[in-house]
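The block underneath contains the structure these notes are about, expressed in structure tokens.
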């Protein structure tokens, strides 16, 4: 039995974080973009360690990284307002790349994810990427964006191999999925929203299942089903929603960069499968087979129905 206690401070912080991202994405002024990112940062810092039970190290690291990115962005925005276009774009791009954790300023992501809570890690890999990625796709030239996409796909696929930490594996996995999201964002915001929604659901299910397990094994059939479904969706295996999300990006993309994304996903299957069989499948041994089959049947039906709804919405 898992009990959830949500403090008022955590609720307020979540609200500030959500408002900050929405303000940053919807703002037409540079000041609004910067202000939204700052609100998002302040709200998320509380989420990282709301009760003081976790190590302050990842929170301090994240604050330093994000503050540095904010300073670079602010200097770039001021330079743009003063008509210093080249220097302004360089500083703004550097700050946005650092805050979003993409190539070449991506190395801070695995180290912070490794020591953070499951909730903070999940939000850092999903919601915290929205505003920086949207702004980055707007200011980065196409050729530079293709370089970032190819590099992220390669780094995520190779870096995730032989990782023992689930959080670190998820961080490198997020690099591969970021390449898909950036590619989708370059061609269609609707495809980006669809892919991001599926990816967020996958990470949420996977991390929820992992948060329920003890140090020895997965603690329940619910955690096994949640982790297994999240992993299969992250793999992009049919008939799960992750496969459909990748198909939509593939159909919308008009660039050969998609080949790098596909190769990254294929290579990353190695560490996905290793984890799936070593932790999820082992937890199903000696369990009630009827109940397990019922859970997985429900999981597959939910994904098929969700995929059908997404396809209908695009027709």
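Yeah, the Cβs are placed from backbone N, Cα and C, and that goes for glycine too.
These come from TrEMBL:
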type	residues	note
DOMAIN	27-81	domain 'NADH:quinone oxidoreductase/Mrp antiporter transmembrane'
TRANSMEM	60-78	transmembrane segment
TRANSMEM	85-106	transmembrane segment
DOMAIN	89-263	domain 'NADH:quinone oxidoreductase/Mrp antiporter transmembrane'
TRANSMEM	118-138	transmembrane segment
TRANSMEM	145-162	transmembrane segment
TRANSMEM	182-210	transmembrane segment
TRANSMEM	222-241	transmembrane segment
TRANSMEM	247-273	transmembrane segment
TRANSMEM	294-314	transmembrane segment
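Long-range contacts of the transmembrane segment (182-210) within the same chain, counting only residues at least 6 positions beyond its ends with a Cβ under 8 Å from a Cβ of the stretch, are 102, 118-119, 121-122, 125-127, 130, 133-134, 136-137, 142, 145, 148-149, 152, 166, 170, 174, 218, 222-231, 233-234, 241-242, 244-246, 248-249, 252-255, 257-258, 261, 310. Within the chain carrying the transmembrane segment (118-138), a Cβ under 8 angstroms from the stretch's Cβ atoms is held by residues 17-18, 20-21, 24-25, 33, 36-37, 40, 44, 47-49, 58, 62, 93, 96-97, 99-102, 109, 112, 145, 167, 170-171, 174, 178, 181-182, 185-186, 196, 199-200, 203-204, 207-208, 210-211, all 6 or more beyond its ends.
The transmembrane segment (247-273) shares the most Cβ pairs under 8 Å with 145-162, out of the stretches 85-106, 145-162, 222-241.
Outside the transmembrane segment (85-106) by six or more residues, the chain places 37, 65-66, 68-79, 129, 132-133, 135-136, 139-140, 147-148, 151-152, 155, 175, 178, 182 with a CB less than 8 A from a CB of the stretch.
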